[in-house]
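Record features, source Swiss-Prot:
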type	residues	note
BINDING	185, 186, 187	thiamine diphosphate binding site
BINDING	234, 239, 240	K(+) binding site
TRANSIT	1-56	transit peptide
């Protein structure tokens, strides 16, 4: 690559000649564009061409040299023109404060009693949509409870709940288009549930049987569905963010009427991939909605030990990304914010960051005991007094769309369906152990063949170390 560029007169001319990017690498009008738009401006915004952006781009050195004197004469006396941007100057030495004196407010629509706050700005939700949202939130609660108990009974090896974050799961999913591509972390099964992933499919993945789309190779809760535009979950934290920027950019290049949506927790923002993903999406103006679940805890690490900034929302502005802080326990606020962000990302071809303020009621996973690092009273308070499902239910009931009879019937049916799904998943055979060595290379190399043979010999020598009915 370096040799190729060295042979070119300039980087720009090289790209133009070799990649046919003459329409991209042109001078831009760097005049100020408004950060915020009125409703009428947003509604009339045309679809932006992938190559019609206003972002700053490099120009040829020779072009800069030819017009240097002219540029200096034209620059306002109060501004300095640097390659990094045109900026004003001051004779006063003043450091930017580490934070604003006032914290960024949190957008909400419903109060704690499920009543709409007067003069709230939100997108109306129909009875049909509201009822479905609540049904899915309640089903997610039941699913989490039963799978968690199944792990405690030794029927599955691992589980991780979304207790306390049901509104973020379901309301955000409801605000998206089925064509939008989701790159999740590991606490968003509700998004997949909303899109049509069945309870049987959830159970098959958790049990790692032959019906599991991942062929039993992944640990439980690492779901994925190509059919539902839901990338398979990966364990490494934050790797999905740069990937989401790339997927979003590909949607932009293909002029798709869709965006990428990716999730991460507050702890994940300490990973380098968080910053790389945001910067990548901002520079390339990729239609990506970044949703951060700020639930206060990164396993046992409190947010006070994660960052000193005003949460996550302020990090978006640093990368040139529009951002908003939302009450993640308010389903109406989550729905309105995500739907608005989604429209902004698609119509304006830009990334958006949403910080969802919430609380992780459950343990980090079945491998964790959170009472060792936080008070039981604190957990109970958020479980009972700040429960997002109960809060949304009050609003649905106040509208006359839900009753106690509906509640009892829904939870009873969900429980029966889940128990049946678990029983069916247990009856499926497990994948043979040698399946581990397939789908890695087109032609299996000698070293893998040797490892496979060694594993077979080990199982033969020590069969007591493997469960009954285990297939090699």
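From the backbone N, Cα and C atoms, a Cβ is placed for every residue, glycine too.
Feature map: Swiss-Prot annotations on the structure.
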residue : record                            : DSSP (3 states)
185     : thiamine diphosphate binding site : coil
234     : K(+) binding site                 : coil
239     : K(+) binding site                 : coil
>> Near residue 240 (K(+) binding site) in space, meaning Cα within 10 angstroms, which of the binding-site residues do we find among 185, 186, 187?
In response: 185
>> Cβ atoms within 10 Å, counted per site: which of 234, 239, 240 has the most, among these binding-site residues?
In response: 240
> Including all protein chains displayed, how many Cβ atoms other than that of residue 187 (thiamine diphosphate binding site) lie within 10 Å of its Cβ?
Replying inline: 25
>> Other than 185, 186, 187 themselves, what residues in this chain have Cβ atoms within 8 Å of the centroid of the thiamine diphosphate site's Cβ atoms?
In response: 160, 184, 188, 233, 263, 265
> Around residue 186 (thiamine diphosphate binding site), how many other C-beta atoms are within 10 angstroms of its C-beta?
Replying inline: 18
>> Please report the Cα separation of residue 234 (K(+) binding site) and residue 186 (thiamine diphosphate binding site) in Å, rounded to an integer.
In response: 8
> Relative to the Cβ of residue 185 (thiamine diphosphate binding site), which residues of the same chain, six or more apart in sequence, are found under 8 Å away?
Replying inline: 233, 237, 240, 263, 264, 265, 268, 293
>> Measuring Cα to Cα, how many Å separate residue 187 (thiamine diphosphate binding site) from residue 239 (K(+) binding site)?
In response: 15
>> Taking 8 Å from the centroid of the Cβ atoms of 234, 239, 240 as the cut-off, which other residues in that chain fall inside it around the K(+) site?
In response: 183, 185, 231, 233, 236, 237, 238, 241, 243, 273
> Between residue 186 (thiamine diphosphate binding site) and residue 239 (K(+) binding site), what C-alpha distance do you get in Å?
Replying inline: 12
